[in-house]
Ligand SMILES: Nc1ncnc2c1ncn2[C@@H]1O[C@H](COP(=O)(O)OP(=O)(O)OP(=O)(O)O)[C@@H](O)[C@H]1O
C-alpha cells in the first residue's frame, strides 16, 4: 500500500454517451440479448399505454347505455386483463435478461479496471492510495451495473412521458400542447437542480474516498495504532475526514428537498391544469372514440373521456416525479462511473520487447535512466537512476551494495520493468535489442515486503495456479520454509491470518520468499530485493545458500545489507545516489572505493561496528 496522499484530481461526470459506450463494450457476447430485452420491455410498456383508453370505452359504454352497456364493458375489462397478462409475459423475462446482462457488465468492468491497475507502472501506483483506487473500482463497476439493469425504468419513463402526450393530442391538441409546455418547464427545473446536485456528489465522492483510504490505513495497520496508543488520534483524524464528507452531503440534502417540493407541486398543478383545459376548451361530444354522442346532445362532459384525460394527465405528471428521481440516480451514476477515469487514463506498461530467450549467456545494460514522476529535470533529481551500466552473466551472483537510499531497490525495479526506464540500451549476447528497456521477460523480482493473505499456505504460495507439487516443495525448501511447514497443523492447507499475523516476522518472510521462488522457477535472472531482511544472520546465510543452489544457472542480482553475505557473491555492484560507482570483487572494491572500505570495516564479516565510521559509511 502506498503512503502518498490520495489523488484529488478533478472529476468530470461521465456523459450518457460514455455510459452507453461502456455498456456496449462490456456487454460483449450478450449484446443481442440486451437489445431483445429492451425491445420486449418497450413492447410491454406500449401495450400498457392502451389500458386507460380501454377503461374509457368500458365507462363510456355504461354511461351511454346504462345496464345494457354492462356486456360490452365486461369485454373491455377482459381486454384490460389480457393486456396486463401480455405486459407481464414480455416484461418479466425481459427484466431477467436485462439484469443478467448487467451482471456480465459488472464483471467485465471490474476485471477491466483491475487489469488496467495491474498494467500501470509501479511509479504511478506509488502516487495513488490503494484504498482510493479500490474504492474507485468498486464504485465505478457498481455504477455501470446499476445503470445497465435499470434501462427498463428509463425506457418506461420515456414511453410513459411520450405516450400520454400523444394520447392527449388525439383527444385534444390544445390539452396536449399545454401538457408539453408544462413538461418542458418542469424538466428544465429538474435539470437545473440536478446539475447542482451532481457537483455536490463529485465533492462527496472525493471526500468519501479520502475517508475510505484513511480507514484502510488505520484498520490495516491496527497493530501500530494499538501499540503506539494512537486510538484517540486516529479517531479524531477519521472523524475529520467523515465531516468533510458531510459538508457537501448536508447541502445536497437541503437542495434535494427543494427539488422534490418543486417537482411535486408542479406535477399536481399540471395534471389538474390539463383537466381544466379539457373541460373549458374542448367541446364535449366530439371526443374521438368517446362512443355514442349522448353527451353532445346534452352538452355534458363524457365521464369516461374525462377519466381518460385525468389518467393520461396523471401519468404524464406522475412520470415526471419518477423521471426526476431517475435523473438524479443517473446523475449520480455519471459521477460514480467518472471516478474510474483515473484508472482508465492510467499509463500502461509497454508490452515486453526483450525476447524471453532462455539460452542467453550475457546481457549488457547501458545508459539506464529513470526519473520519478514529478522529479524530472530538477537540479537535484532525487530518487532516480543516472546512466547505470551493468553486465549480467549467466550463473553469476551480483550483490548490490550501497548506503540506504542509494537506489538499489529502484535499480532492481527498473530491471524488472516495474519502473519504466526513460532510456536504456540492452544487448543480449552482444546483439542490441531495439526498444528494450527492461529484463521483464527473463527476470523475476522478489520483494522485501512479506505480503501474506488470508488464505491457506498453498494458496499463499501458488495463488491457485496449477503448479506441479514437486516445484512447490522445491520452492518451499529453497526458502527454508519447510521446517515451519512441519509445525503447522494441516501443513500446506493450514490457514494464514490476514497479513500473516499467525506467523513470526521471519516465518512470514520465508513464506513470501517461497512464493517468489516458485514464480521465478522459469526465470534466468533473479532479482532479490532483500527478501531475507527479517531473518537472523545465520538463517539468512542458510537461505541464501539454498537459493543459489536452487538456481545454479540463473544470474542473481541481490540487494545486500548484511555484508557478511558477500562471500556468497561473485561481484559487488557499489551504488551511491542512483549511480553505479564501481563493479568488482570485494577485494577490488575495498582497494578502489573508500566508502565501501569503511562499510566493510564496520559491517563486514567479523567487524565490530564503530558509530563514527558507520555514520561515514551511511553518508556514503
Ligand atoms: N516512491 C518514491 N517516491 C519518491 N522517492 C522515492 C520513492 N521510493 C524511493 N524513493 C527515493 O529514491 C531513492 C532510492 O531509494 P531506494 O529505495 O532505491 O534506495 P535503496 O538503496 O534500496 O535504500 P535501502 O537500502 O534503504 O532500501 C531514495 O532517495 C528514496 O528516498
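Keep in mind that glycine also has a Cβ here, set from the backbone N, Cα and C atoms.
Automated prediction, rather than curation, is the source of TrEMBL annotations.
Cross-referencing 103-127, 178-202, 203-227 with TrEMBL places the feature transmembrane segment at 178-202. Per TrEMBL, the listed range annotated as transmembrane segment is 152-172 (candidates: 152-172, 236-256, 320-340). Looking up the ranges 1-18, 55-72, 73-90 in TrEMBL, the one annotated as transmembrane segment turns out to be 73-90. In TrEMBL, the feature transmembrane segment is placed on 293-313, out of the ranges 293-313, 356-376.
Among the ranges 128-149, 260-281, the one that TrEMBL lists as transmembrane segment is 260-281.
With pairs at least 6 apart in sequence, the transmembrane segment (73-90) and the transmembrane segment (260-281) have fewer than 3 Cβ pairs within the 8 Å limit; the two do not touch. Mean model confidence of the domain 'ABC transporter' (363-602) amounts to 89 (pLDDT, 0 to 100 scale).
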